[in-house]
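Remarks on the structure that follows.
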């Protein structure tokens with residue numbers, strides 16, 4: 001990646017400019033929106049495997065897990081109320097993403113990021129202080145509103161700030177920051193699980209406020225994107241000066257003229273959600289729906305949300321299951337980092353296919369081992385348990401350099417400016433709806449399908 005004084009030449013559709021420190025720091029701050037998303041994904045699965053948390057909010061699940069000797073290994077955590085704790089965030093995020101579209105289009109990417117950070121901060125405080133299930137769920141809803149706004153605006157922000165040659169790598173920074181959030185959550189869960197009483201899970205939930213606070217404060221200092229300034233300000237000189245600043249060169253006329261032309265087309269569109277249904281935008285609309293849908297039915301959030309529960313199902317203890325989640329998170333983040341350096345040279349399609357094949361093979365193998373070795377009451381041998389852990393890490397690696405980052409990158413870069421906010425909202429909404437359905441049904445699916453759960457998700461891949 002070119003830094004500082006190394007210019008990117010204009011060639012075959014590439015604009016002049018370089019990756020400046022100004023862009024790097026702006027994108028690093030905006031990508032904190034990915035950290036809060038990843039942190040929440042990692043933290044929810046960890047706290048739902050902690051005994052004090054289950055005792056306080058889900059006593060039936062705790063009693064069934066500890067006292068019912070006849071219950072299947074696959075069914076110990078089957079509770080719709082328990083899954084609602086995880087999945088309520090995504091229904092709230094789905095609804096919020098459509099409101100975020102209007103804010104992003106009318107007021108800019110920066111206000112959406114600010115609203116998202118502030119809402120997430122409030123939800124983290126409420127969840128950490130929860131005295132009953134109602135406070136817990138309301139906190140999750142506020143977290144969902146925050147994630148809805150940031151997931152709608154941050155990928156757009158990154159795509160618009162990045163020079164075209166490095167757009168893929170910089171946008172994948174969002175997925176990388178999600179992975180960093182997951183690792184942080186798993187490490188905190190591993191530490192707080194050892195704390196006696198209710199303090200451990202309270203610390204885990206409250207610590208979500210740290211990245212949210214950084215994002216909220218940082219949003220005040222973020223520059224608005226040149227695209228957004230052109231959309232909201234009739235005086236385009238301000239946008240041109242910002243474009244010169246973020247590109248690090250004075251000759252930005254070609255890119256600036258293209259942005260102004262795109263904005264003029266955008267202004268003629270009064271209802272982007274109605275306009276996106278037109279035939280000429282159908283390829284983009286289809287991809288905005290099917291890419292986030294298939295991203296979720298790969299089964300990745302089963303691993304993200306319920307990895308500690310899954311590892312306990314195959315025989316790991318509480319601490320070992322949380323440590324296994326940390327290791328899995330590290331693998332995922334490392335492979336996302338690799339994807340940043342491959343995506344612009346290797347291409348999107350090739351990574352989709354390589355990662356997909358890798359995920360199919362590992363999921364089918366895990367399903368086969370669990371069918372043969374994980375019964376309703378038996379204890380799985382260490383050898384098979386660790387084999388499943390290694391296969392899951394290989395699966396996570398495949399997702400992390402294919403469907404993970406590309407599921408956010410491709411929808412954010414395919415929309416013309418006139419339908420961009422609407423298209424991104426549809427992509428985020430489909431993502432949240434699919435995530436909600438998977439999260440809400442997984443524990444019941446695990447109970448009834450047992451090892452067939454992995455064949456189910458492998459079939460979708």
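A Cβ is built for glycine as well, from the same backbone N, Cα and C atoms used for every other residue.
All annotation found in TrEMBL is predicted automatically rather than curated by experts.
TrEMBL assigns the feature transmembrane segment to one of the listed ranges (2-20, 21-39), namely 21-39.
Here the transmembrane segment (21-39) sits apart from the transmembrane segment (321-343); fewer than 3 CB pairs are under 8 Å, leaving out pairs fewer than 6 apart in sequence. Long-range neighbours of the transmembrane segment (384-404) within the same chain, counting only residues 6 or more positions beyond its ends whose Cβ lies under 8 Å from a Cβ of the stretch, are 175, 178-179, 294-295, 298, 300, 303, 307, 311, 314-316, 324, 327-328, 331-336, 338-339, 342, 351-359, 362-363, 365-366, 369-370, 373. When averaged over the domain 'Major facilitator superfamily (MFS) profile' (26-461), pLDDT in the model lands at 82. Remote same-chain residues near the transmembrane segment (350-372) are listed as 298-299, 314, 339, 342-343, 384, 387-388, 391-392, 394-395, 397-403, 406, 450-455, 457-458, 461 (criterion: CB distance under 8 Å, separation of at least six residues from the stretch ends). Panel annotation: around the transmembrane segment (112-131), residues 30, 32-33, 36, 57, 96, 100, 103-104, 138-154, 157, 202-203, 205-209, 212-213, 215-216, 218-220, 222 of the same chain, lying at least six beyond its termini, place a Cβ under 8 Å from a Cβ of the stretch. Contact between the transmembrane segment (170-188) and the transmembrane segment (200-222) holds: at least three of their C-beta pairs are under 8 Å, each pair 6 or more apart in sequence.
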